[in-house]
Amino acid sequence: VAYLVIFHILFVLFAWTYWKSIFTLPVQPGKKYHISYADQERYENEERPEVQRQILAEIARKLPVYTRTGSGGIRFCDRCQLIKPDRCHHCSVCAICVLKMDHHCPWVNNCIGFSNYKFFLLFLAYSLLYCLYIAATVFKYFIKYWTGELTNGRSKFHVLFLLFVAVMFFVSLMFLFGYHCWLVSRNRSTLEAFSAPVFQNGPDKNGFNLGFVKNLQQVFGEEKKLWLLPIASSQGDGHFFPMRALCEAQNPLLANEEHWEDDGIDEEPH
């Protein structure tokens, strides 16, 4: 009875997280990030790149946008005609800009981003446990197969096939889930792991790294009772993310330290 209860709990969680990963649509940037028709015409009619950069800078002046292109310009999507929020990227498969895009997953046939990244992580975790449970329960029959206790030829084939598939998926999922756990601990997406986000001071792969606990809360939220359930609890709205540089600049201790240094230069020793 205990085996059946555990099996059904894992199966329900596995199916639930898979369903949420598939049918939770990726979130697109809000209307304030879309440029107006007049600005669009002004941008497209301008042939000088430096003037185009100035136009985008004027439009994005009131937006909370801190990341830049490799050349230092405002990140702009020509296909969606919008200023890209921080950590937003255009998905060529979905043909839309996705907030905090991680990657487009063929397993769930959906784009993994801010809206469903937590569900995707839980899907990997429960799939891993599901495969481990199947392999552990089938292993004793695999031992019986080698000792000759299983005489039915069909049962031998079923045991071998099920154990092989469970172990194969377990190993694959273990590496994939471990990689995403490392990304969460560093507060990076898959795209940011391959190409560091560019800020006004240059590229910084740890620009969004706030520490292990706060990084977890970014994805799973502050209520720990919701961490293991496929219920939306991620912090923020996907348009703005706290940054390490801003947090350090707003730290009163660091600000006082700079103030003390300035005062120490001006004052004469007593």
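From the backbone N, Cα and C atoms, a Cβ is placed for every residue, glycine too.
The domain 'Palmitoyltransferase DHHC' annotation in TrEMBL covers 74-194.
Under 8 Å from some Cβ of the transmembrane segment (6-27) lie the Cβ atoms of residues 91, 94, 96, 98-99, 101, 105, 108-116, 119-120, 122-123, 126-127, 129-130, 133, 230, 238, all in the same chain and six or more residues away from its ends. According to TrEMBL, the feature transmembrane segment maps to 6-27 (among others).
As annotated by TrEMBL, transmembrane segment applies to 119-139 (among others).
Sequence annotations record features per position, and here TrEMBL assigns transmembrane segment to 159-179 (among others).
The average pLDDT for the domain 'Palmitoyltransferase DHHC' (74-194) in the predicted structure is 92.
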